[in-house]
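J.: Here it is, the structure, as C-alpha cells.
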Amino acid sequence: MVIVFFCNTYYIMVLAWGFYYFIKSFSSTLPWSTCDNPWNTENCIEIFRHGDCLNGTIGNSTFGNLTCEELANGRSPIIEFWENKVLNISDGLDEPGAMNWEMLLCLMAVWVMVYFCVWKGVKSTGKIVYFTATFPYVVLIILLVRGVTLPGAYDGIMYYVKPNWSKLGEAQVWIDAGTQIFFSYAIGLGALTALGSYNRFNNDCYKDAFVLAFINSGTSFFSGFVVFSILGFMASEQGVDISKVAESGPGLAFIAYPKAVSMMPVAPVWAALFFIMLLLLGLDSQFVGVEGFVTGILDLFPGKYYMRYQREIAVAICCLLCFIIDISMVTQGGMYVFQLFDYYSASGMTLLWQAFWECVVVAWVYGADRFMDDIARMIGYRPFPWMKWCWSFITPCVCMGIFLFHLLNYKPLTYNNVYVYPWWGEVIGWCMALSSMLCIPVSFVYKLSGAKGTFRERWEILTKPVWGAHHLEYMAPDTDIKSLASLSPGTEENKVIIFESVM
C-alpha cells in the first residue's frame, strides 16, 4: 500500500509530460524541431553531422557556417525544449524555483481524467480500459508500418534483435531486467491482488497469470521493433551509431522519439499518434494503481461504517493528496524530486524486498502445499508442481540475489551523470524506501510482542489461517481435493477483467 501510493504520486508526471507534448503536437511546425523559440540558447543547433568532422581537424574544419568545435558544443532543440521549456530545470534539488503553470494545468487535467475513470469502481473502469488498452495496439501497428519504411530502419531492428552476450556478465543488466519485470507486471504493488479480489472465488487465476505474462511481455517485445526502427532512422540521419541515440527512461519518450518524429514528413501527425498512445498506456497503469490503493483503504473499514458515496469520496481524497505532493514536481526543481521518488520510493530495491518476503510467508509460513490446495479448491485442478518450487526456492533466491546485487552496486543518485544529489536528498530518499521496507519487520515484532504465551504459542496463534464465511462454503476436506475437478469456474459474465498494458 505504501509502495503503490508513492508510485501513484510520481508516475502521473509521465502522463502530464505526455499530455503536454500531445497538445504541442497540434502545430504546423513542432516546437522542439527548431532553434528559433524563446527558450532556445545560442548553442542550439538543428542539424548534427559529427561524422563529417572525423576526417578534419577540430577548430578549422567547418560544416555549414559552424566549426567542428562549435558543433561539439551544440545542443539539440529537443533537449532544450525538454530542459528549458517543459522542465525549466534549476541547478539542483535545493533550488525549487518558480511554478510551471502550463505543466500544473496538464497535471490537473490528467488527475481529473483518472478520477472520473476510477470513481465508480472496476466495472466502469473495465469498460474504459477495453478502449485504452486496445487502441495503443492500433497506433503501434501504424507506427511500425511507418518505421520499417524509413531509411536505416533495418540497422535499428538488427541492433535490437542481435544480443550482446557479454552484457550478461554485468550485475547492472540483471538488476535492470528484474526491476523492469516487477514494474511491468505490477508485482509487489498490491494492484493485482486488489483487482483479483473482485473476481469470483473459483475464477481461474492460474490461467489468467499466464495470459497476463504472455500479453505483457509480447507487447514489450513488439513495441521494441517500433522504437528501434525509428531510432535506426534517426541514427542514419545524424550519421552516428545507434548506441549514441538510444536513450532510457524519460529520455526515450521525451527526447529520442520526439526528435526522430520531427525528422519525418508530416511530423505533427506522427507526434500526436505517439503521444496519445503514451498517454493511454500510462492511464491504464494509473487506473490500476489508484484502484488498488483505494480498494485496500476501503477494505480496512467494516460494512457497518459504510456511508453513501464512500468510494467517490475516497478516490477524491486519494487523487487530491497525490496532486498536492505532485505540485513539488512541476517547479523548476521538480525533475530532481521526480527522480528521488523514482529511485527510492517505488524502486526495484523496495519491490524485490517486498516480493522476497511475500514468497517466504506464503511458501514457508503459510505453506506451499496448503496454498496449492487452496488454488485447487478455487480453480478445480492443481497447478503444475513447478509453481511450488518457484514460490519456495527459485523466486525468493532470485529476488534476494538481485536485491543484494543492488545493494552492493549502490551508487549515489545523479541527474544526467553530472549533478550529484546532496546528502540530505539521499536521506529523504532512504526514508521513502524504508517507509515501505520496514513495514514487514516492524509489523512482525509488534504482533509477536503483543501476543501471549511462549514464543511457540505466539507463533502458532499468529500463523493460524483465518477463514471467512464466504470461504468456508467452498472449503472441502483435505482428503477430497482431487474431486474438486467438478467445480465449475466462474462464467465470463461474472468476471471483471482488467488488462494492464505497460510500455
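Cβ atoms here come from the backbone N, Cα and C positions, even for glycine.
Automatic prediction, not curation, is the source of TrEMBL annotations.
Quick caveat, the model's predicted, so the values are computed rather than measured.
TrEMBL feature annotations, pasted as is:
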BINDING   S184, N216, L281, D284, S285  Na(+) binding site
DISULFID  C35-C44  disulfide bond
TRANSMEM  5-23  transmembrane segment
TRANSMEM  98-118  transmembrane segment
TRANSMEM  130-154  transmembrane segment
TRANSMEM  174-198  transmembrane segment
TRANSMEM  210-235  transmembrane segment
TRANSMEM  269-301  transmembrane segment
TRANSMEM  313-331  transmembrane segment
TRANSMEM  351-368  transmembrane segment
TRANSMEM  389-407  transmembrane segment
TRANSMEM  427-446  transmembrane segment
J.: Among 98-118, 210-235, 351-368, 389-407, which stretch has the most Cβ pairs under 8 Å to the transmembrane segment (130-154)?
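T.: Ranking 98-118, 210-235, 351-368, 389-407 by Cβ pairs under 8 Å to the transmembrane segment (130-154) puts 210-235 first.
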J.: Would you count the other C-beta atoms found within 10 angstroms of the C-beta of D284 (Na(+) binding site) for me?
T.: 23
J.: Take the C-beta pairs under 8 A between the transmembrane segment (389-407) and each of 98-118, 174-198, 269-301, 351-368, 427-446. Which stretch has the highest count?
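T.: If we count Cβ pairs closer than 8 Å to the transmembrane segment (389-407), 351-368 scores highest.
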J.: The transmembrane segment (5-23) and the transmembrane segment (351-368): do they have three or more Cβ pairs under 8 Å, with pairs 6 or more apart in sequence?
T.: no
J.: Which residues of the same chain, at least 6 past either end of the transmembrane segment (174-198), have a Cβ under 8 Å from a Cβ in it?
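T.: Same-chain residues near the transmembrane segment (174-198) but 6 or more away: 1, 3-4, 7, 122, 168, 205, 212-213, 216-217, 220, 285, 288-289, 291-293, 295-296, 299, 346-348, 350-352, 354-355, 358, 398-399, 402, 405-406, 409, 496, 498, 500, 502.
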J.: Hey, how far is C44 (disulfide bond) from L281 (Na(+) binding site), Cα to Cα, in Å?
T.: 32
J.: On a count of neighbouring CB atoms within 10 A, which of the binding-site residues S184, N216, S285 is highest?
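T.: The residue with the densest Cβ neighbourhood is S285.
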J.: Using Cα coordinates, what distance in whole Å links C35 (disulfide bond) and L281 (Na(+) binding site)?
T.: 31
J.: Take the C-beta pairs under 8 A between the transmembrane segment (313-331) and each of 5-23, 98-118, 210-235. Which stretch has the highest count?
T.: 98-118
J.: Starting from the Cβ of L281 (Na(+) binding site), draw a 10 Å sphere and report how many other Cβ atoms land inside it.
T.: 25
J.: Rank the disulfide-bonded residues C35, C44 by how many other Cβ atoms lie within 10 Å of each Cβ and give me the one with the fewest.
T.: C35
J.: By a Cβ-Cβ criterion of under 8 Å, what residues six or more beyond either terminus of the transmembrane segment (5-23) are in contact with it?
T.: 86, 102-103, 106-107, 109-111, 114, 189, 250, 253-254, 258, 271-272, 275-276, 278-279, 282-283, 285-286, 289-290, 293, 318, 322, 325-326, 329-330, 334, 338, 341-342, 345-346, 432, 436
